[in-house]
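> Provided herewith is a single structure, encoded as structure tokens, for subsequent inquiry.
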Amino acid sequence: MHAFHSCPSPSELKGSLIRKTNPSQIQSIKTEEKQRPFTPLSSCKAMPLSIIFSPLLLSFFLFFSLFQPLTFATQKSYVVYLGSHSHGLEPAQSDIERVKDSHYELLGSLTESKEKAKEKIFYSYTNNINGFAALLEEEEASALAKHPDVVSVFLNKGKKLHTTRSWNFLGLEADGVVPPYSLWKKARYGEDVIIGNLDTGKYYIPVIVDKVFGRNRRALVMKEWVRFHQSGEESVSMTPKMVLFATETICRPNLHLCIIYEKVMILKLEKGSLLKCHTASDITLKNLFKYSGDGAFHCKSLLPAIYMGSVSKAYIPPNAMSKLIGTRYFNKGYAAYAGHLNSSFQTARDSEGHGTHTLSTAAGNFVPGANVLGYGNGTAKGGSPHARAAAYKVCWPPINGSNECFDADILAAFDVAISDGVDVLSVSLGGDPAEFSEDAIAIGSFHAVAKGITVVASAGNSGPSAGTVSNVAPWLITVGASTMDRSFTIYVALGNRKHLKGASLSEKTLPAEKFYPLISAADAKIADQSEEDALLCKPGTLDSRKVKGKILVCLRGENGRVDKGHQALLAGAVGMILANDEDSGNEIIADTHVLPAAHISFTDGEAVFSYLNYTKEPMAFLSNVRTELATKPAPFMASFSSRGPNIIEESILKPDITAPGVSVIAAFTQATGPSDAEYDKRRTPFNTQSGTSMSCPHVSGVVGLLKTLHPDWSPAAIRSAIMTTATTRDNNGEPILDSTNTRATPFADGAGHVQPNRAADPGLIYDLTVNDFLNFLCNRGYSKKNIQLFSDKPYTCPKSFSLADFNYPSITVTNLNDSITVTRRVKNVGSPGTYKIHIRAPPGVTVSVAPSILKFQKLGEEKTFKVTFKLAPTAVLTDYVFGMLTWGDASDSFHGNVSGITMTTAKTKSNNNKRMLDYDGQSATPFTGNRTYCDCTLKGNFATERNNEALKSYIVYMGESSFSPLSSSGESSLSEFDVQKVTKSHFDLLGSYLESKENVQDVLIYSYTKCINGFAAYLDEAQVTSLKGNPGVISVFENQERILHTTHSWEFIGFEANGAPTLSSLQKKANFGEGVIIANLDTGVWPESKSFNDEGMGPVPSRWKGTCQAGGGFKCNKKLIGARYFNKGFASASPTPIPAEWNTARDTEGHGSHTLSTAGGSFVPGAGIFGYGNGTAKGGSPKAHVAAYKVCWPSENGGCFDADILAAFDAAIGDGVDVISMSLGPSRPVEFLQDGMAIGSFHAVKKGIPVVASAGNSGPVAGSVAHGAPWLFTIGASTLDREFSATVTLGNKKLFKGSSVASKSLPAGKFYPLINAAEARLPTAQPADASAMSLICMKPCSQLCQNGTLDARKVAGKIIVCLRGINSRVGKGHEAELAGAVGMILANDEESGSELLSDPHVLPAAHLTYTDGQAVMNYIKSTRNPTASISPVHTDLGVVPNPVMAAFSSRGPSLIEPAILKPDVTAPGVDVIAAYTEAVGPSELPFDKRRTPYITMSGTSMSCPHVSGIVGLLRAIHPDWSPAAIKSAIMTTAKTKSNSKKRILDADGQLATPFAYGAGHVNPNLAADPGLVYDTNVIDYLNFLCAHGYNSTFILEFSGVPYKCPEKASLAEFNYPSITVPDLNGPVTVTRRVKNVGTLGTYTVKVKAPPKVSVVVEPSSLEFKKAGEEKKFMVTFKPLMNGMPKDYTFGHLTCQSFLKGKLDRKKVAGKIILYLGAPGTIESTASISPGNTDMGVNSNPTIAKFSSREPDSIVPAILELDFTAPGVDIAVA
């Protein structure tokens, strides 16, 4: 008997209960609900007599006996196996009758008559397997076993039945997208392969609607295979053609076809109803349609009566023909035990769910939105989603508690399935290991494999005990079970603040963070029940008076896990904690509990019981369940997965492979609830199950793909490909662990974890033929006659065959006393090549291979090699030892074969009577007997140990990709082959620096393949050093973390007046940016925001090649046309696995939604925050399409990593965006080729995509500006003319204007007592002193209103004054509110000066300047009863002067290249209102439960997207302009005066310099027509890099274009729209060129020279006669005196246009910045030292040196052009 491979610990069998007992349908005694895999009873501990003779069980046995016919009393059912048949694969009816008659004759010779024999036989195996199943007495069975024509006679034994995320985990898809290298794509998703499944049947709906002709052509397709869909006892024989009812025109208008069994019938459609099918006997599928070979059928014009008009093409997807093409059931073997079966058993319908689950895992179609009770949402699909499926029901409700699948039925199913024409058979069931000739699965699979059908079987669920693996025949693929990188997590919080992580799929939840009383089930027992039974939460043991309203703690064991929860629920518990017993250890399972519940480990359970024992009033709460993805480590072996060694034939390693088998989501029956318990009335179409039953169909699906891709491969070749390319490493890059957290051995994971994509191209395979298997049986001791019956072919055992020569993809040597040589042969199935051997010998064993090199010159060529194992002279093996053998193709990292090595001897205990240790110091696998075991499991590459602690993530940058992702028309020209080629080159390069190429996939994070050439990977220092020396590598730099650096603002910069566009508005001219695509690299986007509504939007541009990545319920539209997320770089640096819910582009922080809506948000009337600042929100390009690229993640230090940023650039360039906005950057300036953003933006600009970046928020410190690359557009931040003011009035009638957007307000004019926080401190909150705390505070800590410092007795009912600093501004208000304050005055510290910010405070508040704050504090000190009032917030518009530079805005000069003025311009960046996430409150603090769709934010992050929106408008009206031309237009038309008509001020009230604002404040309306522009091309940028110090070789690889540095590269000739001379010791001449982009005319220069410097421009006038004409001019600077102070000085250069002798309004203005005198002593930390060959820098580098004065006294010196028309700012130092 066999049963599901789905298993309880032995202790759980004691309390077995009858689940259902009704006369109409025998059900089972179940030990535990279906979520728990089952163990064969024979492998479990003996049950106590008290249990065996329980009244319940006795009543069951009496009841069961009523259904056993008396004639069965001395009979049992047996299988009589006679071997093979002489007839072919498709026998005639006469052949079948002849075989049946021979069976009757054989049995009749031992019984009373042939007629009696007919009564006894209930199966005749007539198709492929020769034999029968019959009810026999022992004497008859014994006599048959001696008959010369009988191979074996064995009892009809019962056998047991042994996920959405798993295919992603296996690499067939990535984040819901199928990558080009996926085996799915290569194998067309398993198209047309037929996968048969022996299980509990299939739950299905007969007719399903399928879209088979695309959008406008639909059809109804019958999903049964009419060939053998079973109806009752007999099967209907029909030809396997589809039944198609077309509902729209196919070949002729108003003419429809009904295709039935190859006949075509014409349907006439009238008024939407089908009238009649008219036979057209001469019309067939063949002459109606012509198959084009590309998956499409074309109408043929052979039949004039049908075909009229032009040829139309109707596409029929592969899965549209049929999906579930066959169902059969087999129950006669089961009936031989159960007795008569009623009509409810005469069906293949699955009433238990197991068969539906396994078959859909192997071959299920794509089903979006699959989940279990709302968890694990994703697209469910099988391994071969386009394969056809056939269900063979052989398993039925259990008998005697466990057995449910019987040998007789299994063998009958094999016999029929082989004839039916299946390609793959998936068998998720098995029993105890048995001799091959007495095992129905081994027999049936042998005949299947002999016919070329691959059979995949589950290893069993009796682990972790050694020697428990079942289905061990060498022709089978045996699959173990391991975890995947997804968990369903729930947390238990105890009253002592301990948090314990558990697992659950509870449909119900408790209120968030609400604590409930906690009680142990032992303490909740009814008086007459034992504590032991009550602790197990058995029925009838719990006292509801003690349990009601509490969380109950139950111990795992005996009764079902979900049943325990049911008992707790009945007793009134609000939740349950299920604690593991010691046997269950760390294995926790996510069950579909009926109440809130958490399953925790044994260790955590002990912690809970300890807390209960030592706490008077224990409390706990249960969090909500959440789905976590990318959990680590994964995979690790499931404890239930049966282990080797193979006790039937120890020379064959079993299992072969492991695959996902824990908490797998797949389809489920709706005939029962998810827990399979009678009380469970829930129904779900998908369910989670665990067991090797679940891992088996994963491999079956992979086999289906390989069968499609390689139809000529044998079953052995397919198995070899899977085994030899498996991995033994988890997603941490460490060896796969066992469930005990020790290293797993091949007895657990076989060859390793399946890697489908690599199995498609293994290079070499170990093939086996039927004769090889017969030789194997010879060696096993089978007689020649028996083997001949097995094979039905003439066969003679070889004289000297040894199991050492059996060509299995692993090598197992038993009893290695001295030395032994084994032989293997490998076949080339890849490209010709040379393979070299690599060996990792087991400890104490020497290994040699001859030959050590194999050269293959053609496909299909086979070569033999020998492996000799020899004990080392002093070695004494006491247990298993392991090693590895690898055939590696030196020229191809994708090809290789690896073999593991394992050995042992007789002793399994050492002299101290402890378990022997493995070579890694872990406890080795136990095995009884005197033998040595050598497991040589072949794999794709030679694996090595790696110390992950020494690894960091790095980016290896290799320059420009040799393939362009965009053609000249903007269409994608990058083929899948191109991507694979680039990826392979990365594998090759990285693999050459690793000890084993197999490790490449473990350390590779990203492969940049579209436009940028390079990769991100985990590397150690030695590898980094080696890679830096590679001539093909430009730079290697650490994956650094980067930090994240508006309604009225557009009116402020001139787009509108009083809410209406002005006549000169650039927005109006550019039609609001229509058709432009703006990309944003940030924290993602909140897609539901009205700012991303697509109402009124035009169609998505055809050039768009991006995607909308699934996750988090994300949906895109015509506005938000794309969203992607990149978090591998972040994950590589994270000390803990990132939560599953982070795999989404959804914005949970608000920053990305804010910036993207500022750049390109739609029109949203009435936007504001808490009623303030109401207006119509819109982006700079409100009709542009937008795309979000999420690269930033929650982190204290920023959370945006170079690896992710570079991956986003690579994707965005290929997606076809027009503008890239990037409000993030480094915390300090970084050298260009060490900066992922500089690299990514260069490649974008090279493709014509402007990149706009924030300058940073490290101001007002000089030299703090980020993004110094000249191809980037760098933006500073300044204020706009709107303030959110809250006025503080003191009791002395003094008024102070502050800022706030507090959501609450105080009554107008009402005064409250006023207190300084320093006076309101708790006694324990001491002011700062000379201790270490003072180094943190630098001010009285209590005055900061930090957590736990305020005394509520002193604060309640008062307005409190808090000092700015250390903790967050809104957090201070929260502390004040908790202490009872009615309001807060937030006073700036001295460092913050006059900078005020409008924060969303939680109580009435006002933020004051440092000066005003001091006045308030002095008032408090000098007044006995100080009072104050805070006015409601008021929105003030037209505030003067504005703009003013924000103090936080980073300043120049550029530390990386001082000859380039940075920032370029400034734009609004203070208190900008824009869209926000609704995932967090406006303060982003945990306590903030408020939600608002719009919010104010401040930073250069806010100013950057303002300019991005403007760039989008300029792209719309000037699509031919280069990124440099656009930047020039904006810079040369910027303004340096505020709305007071005076120079822009800095935050300290002093005049701002170009180092703060660059060229000035953006003035977009003028930028539309600048007259002249300073254009720059790629060669200019390469010349710049030459002048900066890079050599030609590096620049060539960086750019991907032919290039050589000019002999005299000079930064003075770089055509930037500003002029910066960093060291003016004498005359310096710079060259610039301007291009005419406006009207024709003459421009005359006007110079405002910097002080003490003469400026001469030649020529002084430029005449332009045509559009696009370029002219050069030179500017010579000369200091007028020596010995002057060393500092920066500023000037201005303007070209005025004259048309027809009249002055035109156009001006081209430019800044001049000069540094006077000798270089100072302050050196850039990013300077390039001479001889730095790693960077390819020339020996005379540029070193950035600034002023000899202290940094605080440096006049900010970076130039951004200030233009009213095209012009140049000049900075001279």
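Here the Cβ of each residue, glycine as well, is placed from N, Cα and C on the backbone.
Automated prediction, rather than curation, is the source of TrEMBL annotations.
For reference, TrEMBL lists these features for the protein:
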TRANSMEM  46-67  transmembrane segment
DOMAIN    77-162  domain 'Inhibitor I9'
ACT_SITE  D199  active site, charge relay system
DOMAIN    331-733  domain 'Peptidase S8/S53'
ACT_SITE  H354  active site, charge relay system
DOMAIN    534-607  domain 'PA'
ACT_SITE  S693  active site, charge relay system
DOMAIN    805-891  domain 'Subtilisin-like protease fibronectin type-III'
DOMAIN    953-1045  domain 'Inhibitor I9'
DOMAIN    1073-1560  domain 'Peptidase S8/S53'
ACT_SITE  D1082  active site, charge relay system
ACT_SITE  H1151  active site, charge relay system
DOMAIN    1345-1415  domain 'PA'
ACT_SITE  S1501  active site, charge relay system
DOMAIN    1614-1696  domain 'Subtilisin-like protease fibronectin type-III'
> Counting all other Cβ atoms within 10 Å across every protein chain shown, which of the active-site residues H354, H1151 scores highest?
H354
> Find the member of 805-891, 1073-1560, 1614-1696 that has more C-beta pairs under 8 Å to the domain 'Peptidase S8/S53' (331-733) than any other listed stretch.
805-891
> By Cβ count within 10 Å, point out the most packed of the active-site residues listed: S693, S1501.
S693
> Is it possible to get the count of other C-beta atoms within 10 angstroms of the C-beta of D199 (active site, charge relay system)?
31
> Suppose you look only at the domain 'Subtilisin-like protease fibronectin type-III' (1614-1696); what would the mean pLDDT be?
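Here the predicted model's pLDDT, averaged over the domain 'Subtilisin-like protease fibronectin type-III' (1614-1696), is 83.
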> With DSSP as the yardstick, break the domain 'Inhibitor I9' (77-162) down into helix, strand and coil residue counts.
31 helix, 29 strand, 26 coil
> Measuring Cα to Cα, how many angstrom lie between H1151 (active site, charge relay system) and S693 (active site, charge relay system)?
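H1151 (active site, charge relay system) and S693 (active site, charge relay system) have their Cα atoms 46 Å apart.
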> Determine the Cβ neighbour count for D1082 (active site, charge relay system): the number of other Cβ atoms within 10 Å of its Cβ.
29
> Tally of helix, strand and coil residues over the domain 'Subtilisin-like protease fibronectin type-III' (1614-1696) according to DSSP?
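Here the numbers are 0 helix, 53 strand, 30 coil.
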> What's the CA-CA gap between D1082 (active site, charge relay system) and D199 (active site, charge relay system) in angstrom, rounded?
49
> Tell me the residue counts in helix, strand and coil for the domain 'PA' (1345-1415), as DSSP assigns them.
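For that range the per-state counts are 23 helix, 17 strand, 31 coil.
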> How many Å lie between the Cα of H354 (active site, charge relay system) and the Cα of D199 (active site, charge relay system)?
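Each residue's Cα considered, H354 (active site, charge relay system) and D199 (active site, charge relay system) end up 7 Å apart.
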> Quick one: Cα separation, S693 (active site, charge relay system) versus D199 (active site, charge relay system), in Å?
10
> Distance between D199 (active site, charge relay system) and S1501 (active site, charge relay system) at the Cα atoms, whole Å?
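Their Cα atoms are separated by 59 Å.
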> By DSSP assignment, list the helix, strand and coil residue numbers for the domain 'PA' (534-607), in that order.
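Grouping H, G, I as helix and E, B as strand yields 22 helix, 17 strand, 35 coil.
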